[in-house]
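One structure follows; several queries about it will come next.
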Amino acid sequence: MHKKDLGLAVLIILVGAVVYLQNPLFLSPINLGNTANLIGLFGLFAIGQGFVIMTGGIDLSVGSMIALLGVLFVDMVGKFGVPWPVAILVILVIGTLLGLAHGLLITRLRMQPFVVTLCGLLIYRGVARGYTGEATAGFPFGANYPTLEWLTIGRSFGVPHAFFAMIIIGVICWFVLHRSVFGRHLQAVGKNEDAARYSGIRTGFVITAAYVICAALTAVAAVYFAMFTRSVQPSSHGNFYELYAIAAAVLGGFSLRGGEGSIIGVVLGAVLLQELQNLVNLLGIPSSLNFAVMGAVILAGVLADQQFNLYRARRRATAALGVPNKSGSARHQTPATTNDLTP
Amino acid sequence: MMPKEDQKRTLLALENISKAYTGVVALSNVSMAVMSGEVLALIGENGAGKSTLMKILGGVIQPSSGHILIDEVRYDRFSVTESQSVGIAFVHQELNVFDNLDVAANMFLGREKRAGFLRLLDVKAMRAAAEPLLRRVGASFRPDTPVADLSLAERQLLEIAKALSIQARLIIMDEPTSSLTLSETKTLMTVIAGLKAKGIAVIYISHRLSEIAECADRVFVLRDGKAAGELGKGEINHDAMIRMMIGRDLNSLYAPPARAPGEPILSLKAVRTRAKPRALVEFDVHDGEILGVAGLVGAGRTELAEAIFGIDAILEGEIMLAGKPFRAACPRDAIDAGVYLVPEDRKRTGLVLESPVCENICLADLGSMSSGGFVSRRLVKARAEDQRAKLGIRTTDVMRNAAELSGGNQQKVVLGKWLSMRPALIIFDEPTRGIDVASKVEIYRLMRALADAGVGVMMISSDMEEVIGVSDRIVVLREGEIAGSLSRPEFSEHNVLKLAVGAN
């Protein structure tokens with residue numbers, strides 16, 4: 001666990017403690033369960049966004065994709081009677097293909113990630129609304145799908161399965177990002193794409209794969225959201241969710257320039273965002289202010305982090321310069337840097 | 001020292017290599033051979049074609065004609081992968097390390113060791129493999145150190161260790177000592193000797209001739225894209241190298257001032273800058289003189305220029321411009337006072353590359369060419385045409401993007417921007433870096449004309465020939481402070497270097 005992640009965890013606990021002192025309901029099983037469910041739902045696609053941001057890119061289409069795939073899933077299962085495992089598979093395939101399209105447009109046709117996924121945001125939302133004719137897609141009255149419901153909105157030991165899903169996927173992604181060759185290449189590409197290419201890394205493949213992972217995880221999240229809300233209103237479902245994902249990643253120590261960040265960080269970022277949402281509800285702050293609270297906290301967090309890094313860099317630079325020159329007579333090259341290396 | 005002289009064999013040969021970019025010939029008909037286990041120094045002025053030649057060796061660019069012979073195999077086109085697979089490794093001037101990864105991860109990037117059923121990274125094995133290589137190059141850091149914590153010199157050792165790990169047979173070092181301290185340079189020399197003993201060839205590109213005299217077995221000189229000659233071990237000395245590099249006498253660059261220097265135009269007293277807060281700076285730029293500012297990379301020359309120009313902060317001290325107190329909080333202040341900077345990095349800070357020449361020339365003075373907030377296109381064009389004629393900027397049309405011009409003409413566009421206004425003092429930071437000899441001479445003449453006309457001229461340069469050839473007086477910076485000042489009779493590379501490094 002990085003120092004950064006640790007700091008975020010401490011912040012989460014502090015905020016939690018403050019909320020609990022103000023309103024003990026915070027730690028009630030019902031509230032914790034609901035919050036954990038939301039953390040799972042949002043964490044799923046925030047992790048995906050992390051992969052994209054690691055490359056120095058961005059995926060703005062996440063929210064619209066959740067709406068489009070949600071509409072399709074509900075219709076497939078509810079309206080056309082497609083068996084739900086098949087429907088899930090179809091949704092995953094569509095998501096993967098959309099991610100592949102993003103990746104190829106960005107790597108092969110050299111388009112900017114912001115532009116490609118902004119167009120995705122508009123197109124998917126538009127298609128979702130056009131396909132349903134602005135009508136809400138829902139399951140037929142009284143229909144139920146016990147296994148599917150158990151998998152998505154069920155609970156074990158009081159813990160919602162969405163949360164479990166996020167943990168399982170998070171662990172897999174942790175191995176992929178931090179312990180696999182692909183993950184290492186992803187970090188290198190994000191830091192310096194040209195140098196990575198000269199090191200023999202297939203940068204186009206690595207970047208495309210990041211968008212595919214992001215879209216595939218978004219597809220999984222789309223199914224969970226559809227089951228959670230039970231009906232999908234195509235013009236509002238998933239609105240701004242891409243921003244939640246980006247915010248979680250930034251809070252979790254990702255740099256939008258690429259190359260920096262960790263899975264634990266983005267998950268903790270998602271936790272903090274839901275905690276803040278919860279704080280707004282529990283402390284009686286008008287819920288219309290929840291975006292303002294989130295924005296202020298993210299701004300303060302990133303600012304503090306940056307100032308801290310600046311301070312550390314300055315201290316390191318001073319240390320490397322060695323002892324201050326006295327009278328300017330002795331001009332020595334202190335090998336101070338080598339001493340700094342031993343932790 | 002080299003007992004097995006006769007056992008050396010040709011590792012690689014470049015034959016009749018030419019490279020032309022649109023309108024510019026970077027290399028013409030260059031042939032060069034490298035023997036195994038030798039240190040071949042490649043020297044030449046900026047823009048002589050060294051980096052083009054090395055890019056061809058790295059497979060990054062393809063020659064327009066000519067071919068490369070390696071192990072009797074002939075390559076007409078040479079790719080990055082081929083370059084790597086035959087064992088050519090680069091230690092770059094701008095180091096290509098990834099500071100978000102640790103040392104071992106950098107060393108094995110693209111060639112990671114894997115283990116286990118899932119073929120995950122074998123971090124332990126990579127660290128273990130990195131350890132002896134680091135020891136071989138005399139590095140004191142460990143394989144698990146984050147690269148962000150390494151100094152520039154240590155990053156360079158990492159690059160060399162990486163070259164060893166891919167079993168490189170030829171290591172190309174591009175200005176390896178430009179950011180190293182003296183003791184670090186000594187370490188590097190030892191490392192190079194070790195490489196040589198193992199039969200690894202080194203191409204050593206440097207402007208520091210004393211280092212070359214120390215470590216090179218052979219010197220290959222490029223001038224204006226052509227081979228200017230070679231020097232064998234016994235012939236390597238300072239004068240011979242310079243003669244071959246510039247192909248003429250040093251003093252021919254020097255046009256004497258029209259008059260004796262007058263009052264100070266700019267004078268700094270006890271100035272401290274944020275970039276070098278410990279250093280106190282004091283110097284004058286006199287009316288009628290060209291003041292050369294010399295120093296090693298990292299001595300704070302550019303930082304000083306940027307502080308005067310208002311880009312970086314001045315903490316304390318007094319600056320007088322033509323007898324009046326002057327302090328620029330931002331570049332606009334400096335420009336309004338007539339203090340202009342021709343920056344070091346022409347493409348990044350000198351020009352808006354993707355804008356037309358005319359807009360570049362007028363960018364700093366749009367206020368005088370507009371009314372009611374609307375810029376007069378006629379005035380902009382007229383001013384640009386005026387500067388084009390005066391400076392001889394070679395472009396078909398001032399509406400063309402600055403990016404399409406050659407380096408020399410781009411620099412003239414930067415100059416045109418300032419000359420079309422009312423200069424009191426112009427700071428030239430590396431004014432002739434990477435531009436052709438003809439444009440260089442024109443720029444030197446222009447600086448002289450400015451000085452004669454009463455404009456303060458301050459020229460920062462790392463090019464020793466230039467500093468000595470063009471300046472009327474030289475101040476040398478060392479660790480942000482003025483280490484000394486030299487008048488024309490005291491000019492010599494030796495004296496400048498002595499002040500720059502502070503050796504006795």
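Each Cβ is built from the backbone N, Cα and C atoms, and glycine gets one as well.
TrEMBL: automatically predicted annotations, no manual curation.
The annotation compositional bias 'Polar residues' is assigned in TrEMBL to A:326-343. The region 'Disordered' annotation in TrEMBL covers A:322-343. If you look up TrEMBL, you'll see A:31-53, A:60-78, A:84-105, A:157-177, A:205-228, A:279-304 marked as transmembrane segment.
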Which sequence-distant residues neighbour the transmembrane segment (A:31-53)? Criterion: at least 6 residues beyond either end, Cβ under 8 Å.
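Same-chain residues near the transmembrane segment (A:31-53) but 6 or more away: 25, 59, 62, 66, 113, 153, 155, 158-167, 169-170, 173, 177, 186, 210-211, 213-218, 220-221, 224-225, 228, 241-242, 244-246, 248-249, 252, 254-256, 258, 261, 263, 265-267, 269-271, 273-275, 277-278, 282.
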Determine whether the transmembrane segment (A:60-78) and the transmembrane segment (A:279-304) share at least three Cβ pairs under 8 Å, counting only pairs 6 or more apart in sequence.
no
Select the range from A:157-177, A:205-228, A:279-304 that forms the most Cβ-Cβ pairs under 8 Å with the transmembrane segment (A:84-105).
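The stretch I would name here is A:205-228.
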Who are the chain neighbours of the transmembrane segment (A:279-304) in space, where the CB to CB distance is under 8 Å and they lie at least 6 residues beyond its ends?
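Residues 11, 15, 19, 22-23, 25-26, 31, 247, 250-251, 272-273 contact the transmembrane segment (A:279-304) from elsewhere in the chain.
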